[in-house]
Amino acid sequence: MHLLLSGLTLAFVFCSAFLLAVDEEAEEPQVIILLGPPGSGKGTQAKRIAESLKIPHISTGDLFRENLKAGTPLGVKAKGYMESGKLVPDELVLDMLMDRVHKPDAKRGFLLDGFPRSIPQAEALKKHLGRLTPIVINLEVSDETVIKRIEGRLSCPNCGAIYNKYFSPSKSGKLCESCQGELNQRSDDRYEVVVERLKQYHNQTEPLIDFYSKDKILFSIPGERDPEVIYKEIMNKIRNR
Ligand code: AP5
């Protein structure tokens, strides 16, 4: 009897594993692109969406900041562009991005935050994705709100949590609520740099709204509301696609 039960259990485990494997293979990887001006809330929303869908959150800005911190040749090359609010040249961004999306954790899909940011970047991504169609979420926020939000932003250098001294301050004051890291302001969040970042956005990134609208894969979401309301609306768009 004991042997029979063990046999049945093994058969059940084997069948479930097989079904799971088949299921995973059948499932199409999900690619989500978050578009929007600086400070529109891409990072804030990306963290939650990626956690909920169990796919990696790939932020080109974060990848550059990690390289900068580690003093890699890529970080050294990107530094001047980032600190003046200019876009890092496409060839540097593309190599870094392609490396990241080929990592094993991105097999089931990924969420892109801050990429693509120009038509050549969007075309390179389209070529890379082949028959896979991404969903593009465009967060709409005015320039005035961007400036106010960025001026108040504080981030945790350890876990990446994002706060705002006006809209969502940390309950632990200058420390992160989750890991107690000391919150700091990004060096490219100075007023004159933000003005340049906005200029770059309007000239180079905004044309992507038309680029993706033509393929009918872009959904614009008003971004000047409660982050929770925005999150639910984005998740609805993703699930009902
Ligand atoms: P990156 O790091 O990508 O910066 P960004 O696009 O300018 O976006 P931010 O990170 O500033 O804002 P966000 O939209 O994520 O907003 P957040 O959620 O933090 O890029 C930095 C630089 O790297 C670029 O300038 C460029 O040089 C280079 N770079 C990166 N990618 C590149 C690429 N592909 N090509 C070339 N160069 C590239 O929110 C902002 C604040 O608002 C926070 O304080 C938050 O708490 C608050 N907030 C968020 N949502 C709400 C809400 N609904 N209500 C009230 N407050 C809110």
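Each Cβ is built from the backbone N, Cα and C atoms, and glycine gets one as well.
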Annotated region 'NMP' segment (source TrEMBL; candidates 29-58, 59-88): 59-88
According to TrEMBL, which candidate in Arg149, Arg197, Arg225 joins Thr60, Arg65, Lys86, Leu87, Val88, Gly114, Phe115, Pro116, Arg117, Gln121, Arg186 at the AMP site: Arg197
Intrachain residues whose Cβ lies under 8 Å of the region 'LID' (152-189), provided they are six or more past its termini: 39, 43-44, 47, 62, 65, 82-83, 85, 197, 227
For Arg153 (ATP binding site): DSSP state (helix, strand, coil): strand
Close-lying binding-site residues around ligand 1 among Gly39, Val88, Phe115, Arg153, Cys176, Arg186, where CB distance stays under 6 Å: Gly39, Val88, Phe115, Arg153
Count of other CB atoms lying within 10 Å of the CB belonging to Cys179 (Zn(2+) binding site): 13
